[in-house]
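Student: OK, TrEMBL features for this one:
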COMPBIAS  26-38  compositional bias 'Polar residues'
DOMAIN    155-277  domain 'Phosphatidic acid phosphatase type 2/haloperoxidase'
REGION    1-73  region 'Disordered'
TRANSMEM  112-133  transmembrane segment
TRANSMEM  153-172  transmembrane segment
TRANSMEM  236-253  transmembrane segment
TRANSMEM  259-279  transmembrane segment
TRANSMEM  291-310  transmembrane segment
TRANSMEM  322-344  transmembrane segment
TRANSMEM  356-376  transmembrane segment
Amino acid sequence: MRTNGMSKMALERSPLASTDARQRQKGSATTQTSSNVKALNDKSPESRLPSPPYNTAPAAHVTPHSNSVQPTYPLPRLKSALRSILLPIIQYETSGIANLQRRIRSPLVDACFKYLGALGTHTAFLLLLPMLFWFESGAMMDVHGRSVDVNRVYGRSLVLLLAAGVYLSGAVKDYLGLPRPFSPPVARVSVSRSIDAEYGFPSTHTANAVSLSLFTGLFFLRHWSDGWTDNGQRNVLAVLTLYSILIAISRIVTGMHTLLDVLGGAVVGGGIVVIHWLWTMPMMEEWLMTSWTVPIIIVPICILLISIHPDPDGPCPCFDDSVAFVGVVMGLTIGNWHHAIYVASSGYTATSKSAALGPIMVIQRLVYGVSIIVAWRLSVKRICYALLPPLYRLLAFPFGRKYFALADKDYQSIPSSHVGSFAPSLLHLPTSERNRFKLPRYDVDIATKLIVYSGIGWLATEGIPVLFELLGL
């Protein structure tokens, strides 16, 4: 009976293995798991919480290998019921994924699926999406009496869909706290260590891939398919479908997700596209083209979305990703609104169609655009980290999120190691993958990310395109 009880507890709890657990024998890992779970039972939830500001190391609260919640305190009834249904499925699928990996893994297979999975990250999308606003197609469509470039309409809807997918999947992950396939026996293969620290259900990669493919296919058939042969249209749709399928398969083969996670992500991605295509998109386009209320409505909505995002039971990067994408949506929406009403309506052409640009001009735009965003990210981040902590202490802002150090209690200033340098990628959230959860997280990080990424959204959609015109690019 005790063995069965421990098996059940091991399913409900993460196996707190040390960093060299992957080299241990399965039996040794099981013994280590049992002793660690027993040690956790002897402590109250409060005593297990790490002290700020160094309160985000996964080993202090959750294991980086399975990253499952430690339910040694009562869970909400709905959450407990859902976990009791889904956890056995994850446990069952773990053995199947391990068997699959033993059959097909090789250096080539690992490399292919690892880097294929990178194409489904929201970081990759954020790096590519500004191009839709910097290189317009020249094909115009009428949106409530205004002529708008097709690329701009497609780009702002796609950003909104990807943001919704990241936010919804991240919220569900943090609420349920369901683990990824247990490792061992599954081997995790990923280009990003921070992704390994996230919970599993649902798959954000799959949600992004499905929403991108489905929306692009629908938009292509309605706005871009003129002049394409029937075979050409079918080939485009086949490529989009294949992309979604390969992303989903890569998440399973690399041990990052179960089939349950992938199906959940597909439902999220497909669902938001259907809602947006049938209802949200027409209303959003009319609102952006005609209303003066856009800024005074979108800012409170974005702040509310950040405020109601569920708190995870262990440190997880999902919330950081949600804040970044919410910020991008806020800046992008305001930029598109201002561009449509005050820039485009005045007859001012912010960008030239891509076909009229030579290769030198394209390179110049990319260099200028990327450099401006990098400079914005680094400079504004430093300014916020210098100004916000004393402001937080002065105004005594209430702060209810876990795993963040508080300006009025835990620190006086932000260390330079947290601010970062020029080396990190343009839009990627962590200072570095290796140190993402070794660094403390501060209460001002949330406002800083919101300011930085809203600025990036505005720069990409209005500021930089207008600058291109002023510079004659």
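For all residues, glycine too, the Cβ spot is worked out from N, Cα and C.
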Student: Could you name the stretch, out of 236-253, 259-279, 291-310, 356-376, with the greatest number of CB pairs under 8 A to the transmembrane segment (153-172)?
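Tutor: Most Cβ pairs under 8 Å with the transmembrane segment (153-172) come from 259-279.
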Student: With a Cβ cut-off under 8 Å, give me the same-chain residues at least six positions beyond the ends of the transmembrane segment (356-376) that come close to it.
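Tutor: Non-local partners: 130, 134-135, 138, 422, 426-427, 452, 455-456, 459-460, 463-464, 467-468, 471, 473.
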Student: Can you break down the domain 'Phosphatidic acid phosphatase type 2/haloperoxidase' (155-277) into helix, strand and coil residue counts using DSSP?
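Tutor: For that range the per-state counts are 90 helix, 0 strand, 33 coil.
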Student: As a test of reading the model: what is the averaged pLDDT for the domain 'Phosphatidic acid phosphatase type 2/haloperoxidase' (155-277)?
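Tutor: Taking every residue in the domain 'Phosphatidic acid phosphatase type 2/haloperoxidase' (155-277) and averaging pLDDT yields 91.
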